[in-house]
Structures are given as C-alpha cells and as structure tokens.
Amino acid sequence: MTEPAIITNASDPAVQRIIDVTKHSRASIKTTLIEDTEPLMECIRAGVQFIEVYGSSGTPLDPALLDLCRQREIPVRLIDVSIVNQLFKAERKAKVFGIARVPRPARLADIAERGGDVVVLDGVKIVGNIGAIVRTSLALGAAGIVLVDSDLATIADRRLLRASRGYVFSLPVVLADREEAVSFLRDNDIALMVLDTDGDLGVKDLGDRADRMALVFGSEKGGPSGLFQEASAGTVSIPMLSSTESLNVSVSVGIALHERSARNFAVRRAAAQA
C-alpha cells in the first residue's frame, strides 16, 4: 500500500484552497470542509464529490477511509502537523478532513418523490439539535426534512456537517419559508400534524395511521407558528410529567418518528422491491 505524500510547503495550492474554504465571509459557497473520519466516509457514500482528502502527518489515517477513497478515486495527502496548526489556529484542529464540492441543494420535489413522513422544523435554530434530528430522521425512515426559519444559509454549513456527523447529504434537507412548506404539503396531500403540549392526539396514536404525514416541530420556546397551526390536520402531544416544562426538540422528533417507524420502514421496503 502506497503511503500518501506529505505536504510540507505552506505555499502548496492545497493549503490556500483550505484557507479559502474556511473563510467565514465567503459570498458564494461552492466547496466545503468536512472533518473527521465518520462524516467523511458517510459523505463519500452519499455521493458527495471530493477534491481531496487530507490528514495531519502526526495521526494515522483510518484504513477503511483510505480504501474508500481509493475505490472512489479521491486523492489523499498528508499535511505537515505544523501547517495544520496554522490552518486551524483559532478553532478545533481537525486530524483528518476533506474539501468537497457542495451538492445541488435539495428541493421539496426530492422529498415528494420519497414515501416516508416529512419532518418540518419551524424556528429551530440550534445547529446541534438540527444535526441530531438529521441522523434520527435518516435512521427512522423519514423522507426528508424541511427547515423553516433556521438561520442557516446553506445545509453545507460546517457546524451542521459536524452536528449531523456528515449525514446531512444522505437525505433531502430543504431550506424553505412557511408559505412554501404549507403549499408543498397541501399540493402533495400530506397530512400536517403539529406537535404541541396540548394535542388532540397522543403520540402513540400516530402509529395507527397509514397515511403519509408531515410532523411539525417548533422551537422549545415559541412552538410552531400560527400558519402551521392553521393548516394542521391535527395536533399531537407527548405525555410527560407535569414537572417537566418541555422536551428537547431532537428528543421529541425521535419519539414521534419511532411511533411512525413501522409505517416508514414498510414504505422503504416496498420502494426497494419495486
């Protein structure tokens, strides 16, 4: 097995490319930095196109990552640890990372083509929560996620890539406004169910329904907006002790999707066999 070459010169074009990608003020985001072995491998499997993958010269690269890069013909090089330290002066120093081309943004039509339930996050802004919800939604068979008023300019945001462990490109995650989201759900006959503290239904009731749903979750402070409340086919609550004010939104999504998982898994199996 040939060892990756080591970049020892800070003037190497790859070093400047990394500097450019990590600038916070970029007007146009066409490439992004993806850090750590697991997110890199997940993004590669999801079909994200990588320009190159890098490792710090002081840390061995995972053989599984090297094999995957070789299979997909992705160049791999090491960077001298002193240069890595300069590249990531004021932030967490990545030991392995890659420069990737940002995929085409997912569209609502991409979600429509899939049969699973839709997760709508209305005003959820904490990136760590969004990342956890991405992973849970993928694991429990959701068709995709619609982010409304998330304050994210792109799903290629490095914070979201970290929080989702790279899974953000493995299912459609769409940025939309409230009107677009409601129109999309109506046009595709997807029943809109709002999670609320005083719901008409209990979360267990979700498992009894065979129709496709959009599960709407608001922020822990504000809850879902009036537009989603008005458009809803019903409201759903998660039983909990009265001494607990609320659940973390990522936990609520996990509970609701677990109740819907049998239905969503069946849809996924049927699509795979078609």
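Backbone N, Cα and C define each Cβ position, glycine as well.
Bear in mind that the values here come from a model prediction, so they are computed numbers and not experimental data.
Over in Swiss-Prot, the protein carries these features:
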BINDING   Arg165, Leu195, Gly218, Ser219, Glu220, Ile238, Pro239, Met240, Leu247, Asn248, Val249, Ser250, Val251, Ser252  S-adenosyl-L-methionine binding site
Val251 (S-adenosyl-L-methionine binding site) CB neighbourhood, other CB atoms within 10 A: 15
Does DSSP give Gly218 (S-adenosyl-L-methionine binding site) helix, strand or coil? strand
In this structure, the one of the binding-site residues Gly218, Pro239 whose CB has the fewest other CB atoms within 10 Å is Pro239
For Glu220 (S-adenosyl-L-methionine binding site), the same-chain residues 6+ apart in sequence with C-beta under 8 angstroms from its C-beta are Ser246, Asn248, Val249
Please give me the CB contact count at 10 A for Val249 (S-adenosyl-L-methionine binding site), counting all chains in the structure. 21
For a quick check of understanding: given the listed S-adenosyl-L-methionine-binding residues Arg165, Leu195, Gly218, Ser219, Glu220, Ile238, Pro239, Met240, Leu247, Asn248, Val249, Ser250, Val251, Ser252, what is the maximum Cα-Cα distance in angstrom, as an integer? 30
